[in-house]
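Engineer: To start, I am sharing the structure in question, which I have written as structure tokens.
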Amino acid sequence: MVRLDAYEPPTANSDAVTPNARYCFLIPLAAAVICVATLMALGAAGWPGETQDSTDRFCEATHPGPIAQPANTWSNVGFLLVGLGVGWQASRDVAARKATTWSNKLVTTVAYPATMAVCSILIGIGSTALHASTTNWGAELDLFSMHLWGAWMIAFATVRLLRLGDREFFSLWGTQALAIGTRLAFGEPYLIQGSTLFGAIVAAAVVIEVAGRWRNRYRQQLDTRYLVWAVVVFLAAYACFLTSTSKGPWCDPDSIWQGHAVWHLLCAGSTAFTYLYVRSERRLVSDAIA
């Protein structure tokens with residue numbers, strides 16, 4: 001006999017949020033406020049640093065002023081909204097649940113949803129830094145934030161596949177982040193294009209997640225529809241990315257409808273579906289296992 005220890009979302013009577021649960025939202029909110037304020041200050045200072053020709057890669061024409069590529073810049077708001085949404089929902093989830101032996105870390109802890117939310121926010125911040133400033137450091141920050149998010153997904157999928165603990169998750173994620181940061185510090189070039197590497201990281205995370213889903217099929221249940229939507233939306237986003245480069249059929253430098261901006265919005269949507277997928281995890285406990 002198999003019993004379902006299902007996760008139930010907070011009801012209308014569970015509005016009270018514990019102090020610890022509030023950090024699920026307050027941490028990403030603080031990250032967003034600090035990062036946005038920093039970008040505004042740098043923009044007001046004229047974006048110090050060496051610039052690059054972003055039109056050559058991202059199509060949209062650059063304009064004078066604090067926002068060089070408006071469409072490609074403002075479309076990053078989606079990542080901030082998703083990150084704040086993850087934090088807000090997690091604060092309610094954590095307040096409504098108590099951790100169990102085999103539990104969904106996204107609804108029972110602060111660290112996992114808070115770091116996931118911050119990763120989404122940092123993607124928006126990094127991309128904004130690139131497209132608003134067109135500086136070299138903005139491009140590096142953009143790649144770092146994308147790969148940091150991919151590293152989070154790989155670490156999270158891996159510990160669920162191998163049934164590891166919190167220490168292993170943060171060690172794996174931290175090791176990847178350190179490797180990425182070291183490359184940035186020494187200015188070593190990627191062996192392959194950054195966007196291609198990001199696609200490979202996402203693909204690796206999906207493969208590990210599917211493997212973990214199969215291995216733990218008698219221990220956990222997830223709503224796979226969210227994962228399918230996350231993959232489909234990301235593939236659509238990647239198609240927009242490829243067709244909207246400077247030599248792509250979608251490229252019109254003076255248009256307000258930029259394919260690269262759609263790439264940003266769809267990637268934010270894929271991030272939201274990814275969160276809904278991992279949040280949907282329910283614990284299956286069989287008498288043979290318990």
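Glycine residues also receive a Cβ, built from the backbone N, Cα and C atoms like all the rest.
If you look up TrEMBL, you'll see His131, His260, His264 marked as Zn(2+) binding site. What TrEMBL lists as transmembrane segment is 23-47, 110-132, 144-162, 169-186, 192-214, 226-244, 256-278.
Show me how these features fit into the structure around them.
Structural biologist: When Cβ atoms from all protein chains are considered, those within 10 Å of His264 (Zn(2+) binding site) total 27, not counting its own. Under the three-state DSSP scheme, His264 (Zn(2+) binding site) falls in the helix class.
Residues 66-67, 80, 83-84, 86-88, 90-91, 93-94, 110, 113-114, 117-118, 120-122, 125, 128-129, 132-135, 138 of the same chain, all 6+ positions outside the transmembrane segment (23-47), place their C-beta atoms under 8 angstroms from a C-beta of that stretch.
Panel annotation: around the transmembrane segment (110-132), residues 20-21, 23-24, 27-28, 31-32, 35-36, 39, 42-43, 47, 54, 58, 60, 66-69, 72-73, 76-80, 82-84, 86-87, 89-90, 93-94, 138-139, 141-146, 148-149, 152, 156, 166, 169-170, 173, 264, 267-268, 271, 275 of the same chain, lying at least six beyond its termini, place a Cβ under 8 Å from a Cβ of the stretch.
Distant neighbours of the transmembrane segment (192-214): 143, 146-147, 150-151, 153-154, 157-158, 160-162, 222, 224, 227, 231, 234, 238, 241; these residues of the same chain sit at least 6 beyond its ends, with a Cβ under 8 Å from one of its Cβ atoms.
Through the fold, the transmembrane segment (256-278) approaches residues 58-60, 69-72, 74-76, 78-79, 81-82, 85-86, 104, 106, 116, 120, 123-124, 127, 149, 153, 156, 222-224, 226-227, 229-231, 233-234, 236-238, 240-241, 243-244, 248, 250 of its own chain, all at least 6 residues removed from its boundaries and within a Cβ separation under 8 Å.
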Engineer: Among His131, His260, all listed as binding-site residues, which has the most CB atoms within 10 Å of its CB?
Structural biologist: His131
